[in-house]
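Residues or ranges marked as active site in Swiss-Prot: 11, 135. Annotated ATP binding site per Swiss-Prot: 93, 94, 95, 96, 97, 98, 99, 100, 101, 102, 103, in sequence order, evidence recorded as sequence analysis.
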């Protein structure tokens, strides 16, 4: 039996601006996205029918799981009716703004491309992923990218290599992505907004590879919706700054926040300051230039 095992990287937003509402009711976005080395492990094995298992109680095992949707999209595209067993080992916090569900789905697309010997290109996998969720095309490739449209129109940026950060999330808190966007739309969105000058400033800072230039330019429109409703997220963001982070921001729709650091030692020092807080998930992470990494592909007669 053939087995494929992959590492599916988390994503952070260095920039997220909501420009307006599209005719298809999605939001028009400008984002700068970055993969980090916090990752789930996704294992795929041939099976008569598709099933998914995960030890995390909040991860569904039905077709509401984007990983199952990824199988269905590939089956429809290729005409293959085989099933697959999907085992997800979660390290990325669930419902946290780190694209955990999307990156698992991206791993399923990439893994089935190997398991079923499909020969699809990365661009084809991205196009299929866009049918499932807006973050999935980025998760397929990973790295550092400018994302526009609803997030699926990607332009690679100069690789942001070896940047350390601290990810922090209150363990018992989840924020609905749909709620965050709808709240922003209702309370803050004005039609015809043009991208702010800080977009180009951040792109220049990313190209410079200087974390000290990037940190003050972090921006996320969704903080305006989420932080007033979840003051504990705002407090955690401020705690990262007071602990010494160069800059801190909520990722995506939250509630995970991250703080940028000068180097690994600095990140570990910031993490140590927060380590005593109860109910807090903390990770020292580093940027990486891949979304999905193949760990293992093997065949067995068992």
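Every residue, even glycine, has its Cβ placed from backbone N, Cα and C.
When the binding-site residues 95, 99 are compared by the number of other C-beta atoms lying within 10 angstroms of their own C-beta, 95 comes out lowest. Taking the binding-site residues 93, 101 in turn, the residue surrounded by the fewest other Cβ atoms inside 10 Å of its Cβ turns out to be 93. A sphere of 10 angstroms centred on the C-beta of residue 11 (active site) encloses 27 other C-beta atoms.
In this view, residue 97 (ATP binding site) is surrounded by 29 other Cβ atoms within 10 Å of its Cβ, with every protein chain counted.
Note: residue 135 (active site) has non-local neighbours 11, 99, 102, 103, 151, i.e. same-chain residues 6+ apart with C-beta under 8 A of its own C-beta.
Each of 10, 92, 252, 256 belongs to the same chain as 93, 94, 95, 96, 97, 98, 99, 100, 101, 102, 103, is absent from that list, and has a C-beta within 8 angstroms of the C-beta centroid marking the ATP site.
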